[in-house]
Amino acid sequence: MNDPGTTGAGGTAEGKDYRSGFVCFVGRPNAGKSTLTNALVGQKIAIASDKPQTTRHVVRGIISRPDGQLILIDTPGLHKPRTLLGERLNDLVRDTWSEVDVIAVCLPANQRIGPGDSYLVEQLAHLRRRPTLVAIATKTDLVSGERLREHLLKIQSLEAELGITWAHIFPVSALTGDAVEALGDVLLGMLPQGPMYYPDDEFTDEPEEQLVAELIREAVLEGVRDELPHSIAVIVEEMSMRADRPEDRPLLDIYASMVVERDSQKGIVIGHKGERLRDVGTAARHQISHLLGVPVHLDLKVKVMKDWQRDPKYLNRLGF
Ligand SMILES: Nc1nc2c(ncn2[C@@H]2O[C@H](COP(=O)(O)OP(=O)(O)OP(=O)(O)O)[C@@H](O)[C@H]2O)c(=O)[nH]1
């Protein structure tokens, strides 16, 4: 991702000292990743619903400065996979981690570093291509100087324990703003020289649509697995950012169809007075919105394609 020759999205670097690249904040739930993202990004960005054309990754925020651009990438957490989708999501997370320039591990100062944190760092140690690693001690406002010192030493000891090297160990409070600006400087300083990437993409790439289709399918199957195990497919007909939205309130419109094989199945999927369809829509919308990091409007219809599983024309259309 850090080769400006192949990844530029058409933007221009402002002089030869211009740095740009991709940073991913990781850490256990509640570690303070979102709050820190918002603090770093402050007023200076368009909270990104958009992504640079060069990547399939979810952009969480963009910090643009005269001397560079830092693009914060979002990934879901790693979870014990129970389904193929779960495995693919984990693969996607690891792929993303291998491609960014810097991974910043958020370790809240008010909590002991535990097995979950070690597991995460171990996963980073085993990536096929390991980016620069930074440790961020978050929420420093919640602890005493003594406790913070202990926390920082513990973070440092992970190096020997897990076979990694921190390029920096950085204490910060997103709440008070303490050291946030300095963290931005440090992160930007670690990026390679590169182009100004610009977020002007419209979520058109195929893999993302497939992922969305699968999230919808999972939501549908949740309620009807026994009744209709294999009869449901999902087509994402259209996916685009809604025009004319304020920059800080983006909305992604998704038009999708659930495909069933028979008229009788249509009723099952829709449910009494459309209740099931509404529930599925709500569940899927939350999942998609979480994955893509942008609020979603989901328009879900049900279509009957007679015996689609045996019809090559339908199968092609459904991407099998
Ligand atoms: N005191 C204090 N609280 C903080 C700070 N940063 C975050 N918090 C609080 O910690 C909680 C979790 O913060 P988030 O930013 O949502 O954490 P997250 O890592 O994004 O959480 P997930 O989305 O669950 O992964 C929230 O209640 C924040 O207000 C900080 O610097 N100081």
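Placement of Cβ uses the backbone N, Cα and C atoms for every residue, glycine included.
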Listed range which TrEMBL flags as region 'G4', given the options 2-5, 138-141, 262-265: 138-141
27-34, 203-210, 243-250 - the range that TrEMBL marks as region 'G1': 27-34
Cβ under 6 Å from ligand 1: qualifying binding-site residues of Lys33, Thr75, Leu78, Thr140: Lys33
Candidate with sparsest Cβ neighbourhood (10 Å radius) among Asn30, Thr75, the listed binding-site residues: Asn30
Integer mean pLDDT for the domain 'Era-type G' (19-193): 84
